[in-house]
Every structure is written in C-alpha cells, then in structure tokens.
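As structure tokens, the structure follows; a few thoughts come after it.
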Amino acid sequence: MRKEGLLYGALILLVANFLAKFMGFFYRVVLVRVLGTEGVGLVEMVMPFYTFLLVLTTWGIPLAMSKLTAEESARGNLGNVKRIFRLTLFLLSTSGVVTTVLVIFWAPTILSHFVPDRRIDFCFITMIPAIFMIATCSVFRAYFQGTKQVSAIGVGQTIEQSIRVLVGITLAVKLRKYGLEVAVVAVSVASVLGELAGLLYMILRYRRTKTPQPGPPPTKAWWSIFKSLFSYGTPVTLTRLLASLLMTLQASLIPRGLMMAGNDLRAATEIYGRFSGVALTLLHLPGIITMSMAVSIIPAVAELMGGANRKLLNHRVSEALWITVAFSLPSMLVLYYYAGELCDLIFHAPQAGEPLKFLALGGIFCYLQQTLTSILQGAGYVKMLLFNMICSGICLIGGIMLLTPLPGLEINGAAISLSLSYFVGSTLNLFYLTKNARLTLPFSNIILKPAAAGLFSLLILEGADQFLRPIVPSLGLCILISISVSTLAYFLILLFTGGLPVHTMKRLPLLGRWF
C-alpha cells in the first residue's frame with residue numbers, strides 16, 4: 001500500500017476539507033435563510049446529544065485502531081493490520097446495531113431530559129439510523145488514516161457532504177410550507193443519506209486498495225488486539241464523552257440561561273440559533289486548516305513516539321503548530337474586525353456579530369486546541385487530555401451558568417465562556433506537551449512572528465477598509481478587497497521576517513516552486 005507523507009496528506013485533506021467546508025458553509029447559509037435562526041437553533045439543540053451517542057457507540061476505538069495500524073504498518077506487519085481491521089469492524093458494526101435499537105425505544109425519555117424544546121423530537125428519531133452507518137464508516141476511515149492513505153478520507157467526506165447538502169437543501173425548501181417542525185426533518189434525512197453514501201464509497205475504496213496477496217501471518221492474538229483497542233480507546237472515549245457531554249450541557253444551559261434573562265422559549269431558541277448556527281459556523285470555518293493537520297498528525301506522531309528520531313518528531317510537531325497559528329491567525333482577525341458585516345452579508349443575521357467578536361478573541365486558542373489534542377492523542381497522552389478537558393469544561397459550564405442569565409451579557413456571556421475554555425484547554429495541552437514529550441519548540445516562529453505580522457495586517461485591514469468604503473459602492477466588494485490586501489501583507493511580513501519557513505514551503509505541491 002502507498003503511504004502519503006504528512007504535508008502531502010495534509011494538503012489532500014486540506015483540499016477535501018475546503019470543498020466539504022465550503023459545501024457545509026453554503027448548506028448552513030441556505031438553512032438559516034430557509035428555516036430561520038429558530039429552525040437552526042432547534043437542530044443545534046439536539047446535535048450535541050446525538051454526538052454523545054456516537055461517541056458512546058464507537059468508544060474511541062477508531063482512534064485506537066488508527067494508532068495501532070500506524071504502528072504495525074511502520075513495522076511492516078501487514079498481517080496484524082488486517083486482523084486489527086477485522087476485529088474493529090466486528091466490534092463497531094455490532095455496537096452500532098445495538099445502540100440504534102436501544103435509542104429507538106428510549107428516544108422520547110432521553111429527549112425529555114436533554115432537549116428544552118420538544119419540537120425537535122421527530123428530527124432526532126429520523127437521524128437514528130445513521131448511528132450504525134457512522135460507526136461502521138469510522139472503521140474504514142481509521143484504517144486509511146493509520147496506513148496514511150488519507151486521500152480516501154478526503155474523497156469520502158466530499159461525497160458524503162455533497163449528498164447531504166443536495167438532499168438537505170431540496171427537502172428543506174419543499175417541506176418548509178408544512179411548518180418548522182416538519183422542515184427540520186430535512187436535516188436528519190440528509191444526514192442519513194450522506195452517511196450512507198460515504199460508507200458505500202469507503203467499502204468500495206477498501207476493496208480496491210487492500211493488499212491482494214496473503215502477506216505475512218499475524219503475530220498478535222485477537223485478545224491482545226482487543227485489549228490494546230480498549231486500553232487506548234477507553235481514555236480517549238472518556239475525553240470525547242466529556243467533550244460531547246459539555247456540548248450537550250451547553251445546548252441545554254444556554255437557552256435556559258437566556259430564558260432566565262427574560263426571553264421566552266422561542267426567543268431563546270432563535271438567539272441560540274444565531275449563536276450556534278451563525279457565529280460558531282463562522283468561527284469554525286478556518287478549521288479546514290487545523291482539522292486537516294489534526295487527521296494527518298496522529299499517525300505521524302504515533303510512529304515516532306518511543307523511537308530514536310526525536311529530531312524528526314520535534315520537527316513534525318513544530319510544523320503542525322506553525323501551520324495552525326500562521327494560517328488561522330488572519331482568519332481570526334478578519335472575523336473580529338468584520339463580525340457584524342459578515343453575519344449580515346452572509347446569513348442576514350447581524351445580531352450574531354456581537355457574540356462572534358468575543359468568539360474571535362479566543363479563536364486562535366480553539367484552532368490550537370484541535371492540533372494539540374491530536375498531537376497528544378498520537379503521542380499516547382490521552383489521560384492528560386481528559387484532565388485538561390475537565391479543567392476547560394469547568395470554565396465553560398461555570399461561565400455559562402454565571403454569565404448567560406445576566407441581562408447585560410446574555411449570549412455574549414456564553415461566547416466569553418467558550419473563549420475562556422479554549423484558552424485554558426490549549427494552554428494546558430501545550431504545557432504538558434513541552435514538559436513531558438521533551439520537545440524544543442521554536443516559539444519565535446510559532447507565536448511571536450505570526451503575532452507581529454497579524455498586528456501589522458490588522459492595521460492595514462483597517463486602513464484599507466476606511467480608504468475603500470467611500471469609493472467602492474459594494475460593501476461586500478470593499479470587504480473582499482480589504483481582506484485580500486491585508487492577508488497578502490500578512491504573509492509578506494512573515495516571509496521577510498523568517499516566520500514563513502522556506503524549507504517547509506518548498507515541500508508543498510504547486511506552491512513549493514515559488515520558494
């Protein structure tokens with residue numbers, strides 16, 4: 001099987017993630033305009049609990065499988081790789097069926113405890129069949145990730161997102177006339193069909209790329225692999241269960257806090273829809289960079305941990321952190337400066353601009369936390385991830401409970417709490433990584449130079465905006481030109497200050513020939 005390097009794999013996923021994110025972003029814009037922020041708020045209330053069920057079903061096994069597959073593949077033990085795949089496929093397909101059956105029977109009772117607005121019940125029930133599909137598909141994703149065939153993951157998620165967007169928009173438009181409760185079902189039906197398409201592609205891709213010859217016999221026993229999967233997967237599951245539980249509590253506590261501040265249920269649902277469906281959507285848009293890097297860095301770190309090549313490990317970690325900061329910082333500055341304008345131009349929801357400003361202040365820590373979490377997972381430090389998430393979760397939930405009910409803050413209090421939790425989580429992850437992995441990170445290139453370039457580019461952005469607004473008739477065109485000028489200035493400053501490592505840029509396909 002052909003392996004793909006870190007930068008190549010990250011670039012493939014970057015392109016696929018860009019397509020998927022663009023389609024998802026377009027999908028979200030259409031949903032906000034068709035269903036309104038109230039309809040999107042209904043969907044966003046149930047999605048965190050749905051994610052909680054998915055984490056419970058997979059139990060961290062796909063990530064454990066990816067790590068084990070990367071280790072065995074690096075040693076050339078293809079027999080063990082096949083055995084790991086077969087056992088994991090049996091475990092997760094079985095758990096997917098069991099969870100689906102249980103949730104179908106207990107859905108009304110479950111929703112009554114976690115969702116404040118019961119208009120979402122039918123939407124949730126319609127989504128349940130996707131649990132089995134996602135659990136099974138995660139096995140194939142983990143296999144391709146562990147064997148560094150990440151292009152399969154990229155193509156799969158593009159197909160999945162294409163079906164979801166096409167079906168979701170078509171059904172949302174057709175069902176809107178039957179009422180909001182019926183129209184939101186379009187989201188769940190689209191999710192099920194999208195996951196089905198992604199699963200079918202993964203199966204076909206696996207059958208086409210798997211090694212045809214028998215290869216060496218496996219050296220690991222079934223029970224040994226089973227124990228390895230659960231010994232590594234359980235701490236990961238506890239971390240992800242905690243993360244999804246925090247998301248569920250967030251989706252439940254924020255509307256309740258808004259009602260305590262004086263809003264009725266419909267108003268609270270609409271405000272929460274603007275926060276989660278508009279502000280958070282814009283905040284997570286630059287995540288195409290960090291999520292691509294996160295998927296590629298786990299096996300890249302896993303195969304080097306415990307080895308003698310610490311220099312290469314240090315280089316890969318530094319490279320991942322540099323890409324995260326350097327490419328996401330300009331996005332954070334743009335979101336902060338143009339918060340209200342972007343929410344209005346794209347979603348027709350200018351009220352989401354104020355919480356977006358507070359979210360943008362913590363955006364860089366959100367992006368760093370994604371990359372650092374993947375690095376620590378690849379290094380095997382999953383127990384420390386759980387501790388760090390508990391600390392950031394306390395900040396998040398405590399802040400939401402204290403700040404959201406305040407009439408002067410309301411949804412801005414939730415945004416402040418989320419940014420604070422990003423800061424605490426990323427700081428703890430970075431501290432533990434540098435202390436325990438014995439890495440020497442070039443903080444000047446990773447933090448100081450991008451920060452200085454970002455400050456200057458922000459000044460250029462403001463100057464360009466003030467210069468262009470009186471002479472450019474279209475606000476959207478004015479914003480586009482200002483962003484382009486400031487972003488170009490940002491990367492030129494990085495290049496001339498040495499904050500844009502030439503040796504890294506030379507390795508990028510297409511772009512490398514310019515360095």
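Including glycine, each Cβ sits where the backbone N, Cα and C put it.
Pulled from TrEMBL:
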{"type": "TRANSMEM", "residues": "7-27", "note": "transmembrane segment"}
{"type": "TRANSMEM", "residues": "47-66", "note": "transmembrane segment"}
{"type": "TRANSMEM", "residues": "87-107", "note": "transmembrane segment"}
{"type": "TRANSMEM", "residues": "119-144", "note": "transmembrane segment"}
{"type": "TRANSMEM", "residues": "182-204", "note": "transmembrane segment"}
{"type": "TRANSMEM", "residues": "232-254", "note": "transmembrane segment"}
{"type": "TRANSMEM", "residues": "275-300", "note": "transmembrane segment"}
{"type": "TRANSMEM", "residues": "320-339", "note": "transmembrane segment"}
{"type": "TRANSMEM", "residues": "385-403", "note": "transmembrane segment"}
{"type": "TRANSMEM", "residues": "415-434", "note": "transmembrane segment"}
{"type": "TRANSMEM", "residues": "446-464", "note": "transmembrane segment"}
{"type": "TRANSMEM", "residues": "470-497", "note": "transmembrane segment"}
Task: Contacting positions for the transmembrane segment (415-434) when only residues 6+ beyond its ends and CB under 8 Å are counted - done: 250, 275, 279, 317, 355-356, 358-359, 361-363, 365-366, 368-369, 372-373, 375-376, 379, 381, 384-385, 387-389, 391-393, 395-400, 403-404, 409, 441
Open item on the list: Are the transmembrane segment (119-144) and the transmembrane segment (385-403) close enough to be called in contact, which here means at least 3 C-beta pairs under 8 A that are separated by 6 or more residues?
Closed with: no
- [ ] Spell out yes or no: are there three or more C-beta pairs under 8 angstroms between the transmembrane segment (320-339) and the transmembrane segment (87-107), with each pair 6 or more apart in sequence?
- [x] no
TODO: Answer yes if the transmembrane segment (47-66) and the transmembrane segment (232-254) have at least three CB pairs under 8 Å among residue pairs 6 or more apart in sequence, and no otherwise.
DONE: yes
- [ ] Would you mind listing the long-range same-chain contacts of the transmembrane segment (87-107), meaning Cβ under 8 Å and 6+ residues beyond its ends?
- [x] 53, 56-59, 61-62, 65, 121, 124-125, 128-129, 131-136, 138-139, 142, 222, 225-226, 229
